[in-house]
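Asks: Attaching a single structure in C-alpha cells format; questions to follow.
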Amino acid sequence: MNRPKPLALIIMDGFGLSEKSDGNAIKQAHTPNLDKFFEEYPDTVLDASGEAVGLPEGQMGNSEVGHLNLGAGRIVYQDYTRINKAIEEGTLPENDALKNAIQHVKDNNSALHLMGLLSDGGVHSHINHLFGLLEMARVKNIEKVYVHPILDGRDTPPRSAEKYLNQLEEKLAELGIGEIATVSGRYYTMDRDNRWDRTKKSYDALVLGEGLEASDAISALKQSYAADKSDEFVIPTVIKKNGQPVGTIKDNDAVIFYNFRADRARQITKALALEEFDEFERPAEHPENLYYVCMAEYDEEFNLPVAFPPLEIKNGFGEILSKEGFKQLRIAETEKYAHVTFFFNGGVEKKYPGEDRVLVPSPKVATYDEKPEMSAYEVTDKLLEKLDEDKYDVIILNFANPDMVGHTGFMDAAVKAVEAVDECLGKIIPRIVDMGGQVLLTADHGNSEKMKDSEGKPHTAHTTNQVPLIYIGGPEGVGVKPGKLADIAPTMLEILGLDTPEEMTGQSLLTR
C-alpha cells in the first residue's frame, strides 16, 4: 500500500448508532455527505462503552475515556475499574496509601474519615468503593470511623439520595463500624469554579462542626427537601448527638477522599490538606498532621498520597509518529481540545516533537443549543488552511457538536449540530482524498442518537451504543471489520506502513 498523505482521523464527538428514528437527531438530520460516505466506502461498527474501553460492563463511554483508548491503541483501564478490581480481588488493604492511612490512625489513636460522592453514578465515585473502604477499616479494627457523604442528584435522579443513605446506614449496621458525621450536596463540597464560599461551607462543617444541624442523615435530607433543595443543593449539615458534632476532622486524623475523578475533588482537598492556602482564612482549629489520601491523582503538585496513581501509557500513537519523524496536527475547538491533545496522548500534557496543535475558541454562549454549529465552520476553515501547507502526515480532528449540543436535551438543536458537521465533512474529506490522503471517520461515544428517554423526556447523557467507522480513500479491495476504539491506532499504523508496538494490544481492522 502506498502511504497516504495525510491520513486523517476525524472524530464526531457523541455520534452513536441506533436503528430507532424517534428521538434520534442523527437519523432525523439531513446529511447528504455522510449518506454518500456510508454508501461509497467500507464501513463497520466499534464498541465505545463498558469493558471495551476499560469501564465496567454496561457503563456508557465518555470523551476522556474514548480519546485515551483511541490514542493508546490498547484498552485503558479506568480508575473506576481498577478500584473495582482491587475490591473484588481483596487487594485494597495492601494498597500503600490506604495502608499508611490506617497505620497513621493506629499510631495516633485518632479517627479515620471517609469522604466522597454517595451514589452509583460511576462518574466521580461509586458507593461500592466506600463499602470496600469500610470493610477494610473493620478488618483493620479501626474504632473511630466517620463518613462524610456528598449527595449527588446530577449523575443520579435529583431526589434519589435517601436510597443511598439507607444503603450506607445498613452497611454501617451490618459491619458494626462507623457513623455518618456530615451530609452535604455536591454543589458545595465539589465546586470546581473557584466559588470558594461554597467550599468554605463544607470545610466549616467538616472541621468546625458548623452549618445546618440534624440528628441523623435522613433528617438532614428531609429538612433540605422541605426547603425545596434537591440532593445536589443540600447545604452542608452537621449531624449532632447530645448537642455535639458526631465527628469533625481533627489533628492527627486521616482522611480518604474516595472520588476518583479529579476536577471536582481539588478545591476541598486544597482547603483541607495543603499547607499553602489563601482562598479563605482557615481557623486555629485547622487540622495539623492530617494524613490525606486522594483515591486518584487530583493534581500532581498537591504532593499528597494517591491510592491509584495514573498508569503510564508507553508507545501511544502520537509518540510513535514522533519517533518515526512524522508531522502530526491536532485540531479542535476549546470544548474538545484537551481530548485531541492531553487525553489522546495518554493523559500527558507534553507535546511531542513534530506535533502541532490548533485551538479554535468555542462560542461564548450560555448553552450550545443557542449556537448548535458551535465553532465547526471555523475549525474547518483553519484545517483547510493547514492542508494548503501540505506538511502533515497525520491529522487528528474533533467535531464537538453532536456531543455538546446533545447534552442540552434540545432535539432541534441537536439535528442542526449534526447537519453542521455533515456540511464541514463535505468540505474537508473530498479535499483530503484529492491530495492523495485517506480518512478514518469515527466517534468516541454515543449521545445525539438518543435525545429522548423511554418516557419521552429529554435524554441528555451519553449512551452505550456502538459508533461508526468509515474508511475513506483506501485502496481497492481493502475493507474494515468490527472492533473497538483501541483498534484505531493499530489500524492507522498499518495504513502508514508502521509496525504496531507490543504495548498496543488493539488489532488492525483492515481486511483484504
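Cβ coordinates are placed from backbone N, Cα and C, and glycine is handled just like the others.
Pulled these from Swiss-Prot:
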ACT_SITE  SER63  active site, phosphoserine intermediate
BINDING   ASP13, SER63, ASP444, HIS445  Mn(2+) 2 binding site
BINDING   HIS124, ARG154, ASP155, ARG186, ARG192, ARG261, ALA262, ASP263, ARG264, LYS336  substrate binding site
BINDING   ASP403, HIS407, HIS462  Mn(2+) 1 binding site
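Surface or core, plus neighbours and distances: that's what I need for these features.
Replies: In this structure, SER63 (active site, phosphoserine intermediate) is part of a helix by DSSP.
Over all protein chains present, the Cβ of ASP13 (Mn(2+) 2 binding site) has 26 other Cβ atoms lying within 10 Å.
Listed in sequence order, the residues of the same chain lying 6 or more apart from ALA262 (substrate binding site) and placing their CB within less than 8 Å of its CB are ALA296, GLU297, TYR298, ASP299. Secondary structure at ALA262 (substrate binding site), as computed by DSSP, is coil.
Non-local neighbourhood of HIS462 (Mn(2+) 1 binding site): GLY14, SER49, MET60, GLY61, ASN62, ASP403, HIS445, GLY446, ASN447, each in the same chain, at least six residues away, with C-beta under 8 Å from its C-beta.
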Asks: Of these binding-site residues, ARG192, ARG264, which scores lowest on Cβ atoms within 10 Å?
Replies: ARG192
Asks: Determine, from DSSP, whether HIS407 (Mn(2+) 1 binding site) sits in helix, strand or coil.
Replies: coil
Asks: Among all the protein chains here, how many other CB atoms are within 10 A of the CB of HIS124 (substrate binding site)?
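Replies: Its Cβ shell of radius 10 Å holds 24 other Cβ atoms.
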Asks: Checking the contact step here: among the recorded positions SER63, HIS124, ASP155, ARG192, ARG264, HIS407, which have a Cα within 10 Å of the Cα of ASP444 (Mn(2+) 2 binding site)?
Replies: SER63
Asks: Around the Cβ of HIS407 (Mn(2+) 1 binding site), how many other Cβ atoms lie within 10 Å? Please give the count over every shown protein chain.
Replies: 19
Asks: Return only the integer: C-alpha distance in Å from ASP13 (Mn(2+) 2 binding site) to SER63 (active site, phosphoserine intermediate).
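Replies: Between the alpha carbons of ASP13 (Mn(2+) 2 binding site) and SER63 (active site, phosphoserine intermediate) there are 7 Å.
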